[in-house]
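If you look up Swiss-Prot, you'll see Cys21-Cys310, Cys187-Cys199 marked as disulfide bond, on the strength of similarity to another entry. What Swiss-Prot lists as N-linked glycosylation site is Asn66, Asn81, and the listing cites experimental evidence.
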Amino acid sequence: DRTIWPKKGFSIYWNIPTHFCHNFGVYFKELKQFNIKYNSMNNFRGETISLFYDPGNFPSMVLLKNGTYEIRNEGVPQKGNLTIHLEQFTKELDEIYPKKIAGGIGVIHFHNWRPIFRRNVDNLKINKDISIDLVRKEHPKWDKSMIEKEASNRFETSAKIFMEKTLKLAKEIRKKTEWGYHGYPHCLSGSTDKPSFDCDALSMSENDKMSWLFNNQNVLLPSIYLKNVLKPDEKIHLVQERLKEAIRISKNFKHLPKVLPYWWYTYQDKESIFLTEADVKNTFKEILTNGADGIIIWGVSYELTDRKRCEKLKEYLMKILGPIAFKVTKAVKENTPLNF
């Protein structure tokens with residue numbers, strides 16, 4: 001069973017492409033002294049953790065910088081070619097993640113649509129529009145609700161096939177790796193003008209409908225990214241709610257998939273600003289005490305394009321992130337209270 005405390009283990013992973021910083025003579029060898037797990041040579045993919053951005057050839061409406069969309073593999077899952085996608089996925093893994101380096105955590109990062117029809121909002125709404133259009137053209141006499149229901153069914157059935165087959169293939173061809181999709185379980189709660197962090201009843205029942213995915217995952221990887229604009233108690237509430245839902249889902253399955261939230265060291269709404277020491281402590285503490293199995297520290301390559309930025313991150317690791325990570329892992333290992 002999942003025990004909150006004492007914990008069997010709690011691992012903090014480094015999933016930031018800091019190998020780019022080697023070009024500027026900035027290295028992150030100190031990760032080890034802070035008990036942070038990383039790949040050898042600081043590679044982005046390897047024996048500890050590997051992230052695959054938009055792998056294979058998922059049917060997608062890819063939003064371009066000029067605001068238009070590029071249609072890939074027929075655009076939406078109900079029109080897409082599964083074979084083309086899986087062949088491309090295998091080829092990519094062979095190129096960038098050969099068996100000899102594979103192990104640890106494997107993360108499929110795909111966000112061009114969500115498998116629950118209703119959740120395709122904002123930039124993803126185009127998936128709903130196209131799906132509805134396809135049915136409307138076939139059945140011009142149907143009323144709006146019939147069209148939407150059919151569009152939703154077709155979309156969700158095909159989306160499930162693409163996500164499930166990809167996951168099963170990944171597990172089959174890289175057996176040593178523990179696989180999961182980035183950003184799930186996900187909650188769509190609250191209107192945009194009034195954010196709510198609670199996972200509402202509808203979101204929870206939709207997540208239960210996704211048991212076909214979670215039952216096949218070795219790890220659940222919800223994302224916990226903070227906004228600077230939030231008040232301190234709102235930030236804590238956000239972390240608690242995201243974790244509560246992931247733990248609830250994990251407990252639904254005999255194999256109790258690990259819960260490893262993705263945590264970004266910058267604010268979502270102010271990417272130039274690193275999280276304050278207080279925010280790091282509060283979020284790490286909440287992640288630990290709410291029952292997660294670890295934390296994945298995430299960052300993106302465009303934050304590491306010059307020496308100055310690399311040095312800024314290195315300093316942040318040395319002064320704030322590293323010491324806090326060390327205290328958290330030490331408290332778990334020694335079964336002592338966390339003193340910040």
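Backbone N, Cα and C atoms are what each Cβ position is placed from, and that goes for glycine too.
What you see is a predicted model, and the numbers here were worked out from it, not measured in a lab.
Reduced to three states, the DSSP call for Cys21 (disulfide bond) is helix. Of the listed glycosylation sites, namely Asn66, Asn81, the sparsest Cβ surroundings within 10 Å are found at Asn66. For Cys21 (disulfide bond), the nearest neighbour among the recorded positions Asn66, Asn81, Cys187, judged by Cα separation, is Asn66. Across the fold, the C-alpha of Asn66 (N-linked glycosylation site) and the C-alpha of Asn81 (N-linked glycosylation site) stand 27 Å from each other.
A straight line from the CA of Cys310 (disulfide bond) to the CA of Cys187 (disulfide bond) spans 33 Å. DSSP assigns Cys310 (disulfide bond) to a helical segment in the three-state reduction.
In sequence order, Asp198, Cys199, Asp200, Ser203, Met204, Asn207, Glu241, Arg242, Glu245 are the residues near Cys187 (disulfide bond), counting only same-chain partners six or more apart with C-beta under 8 A.
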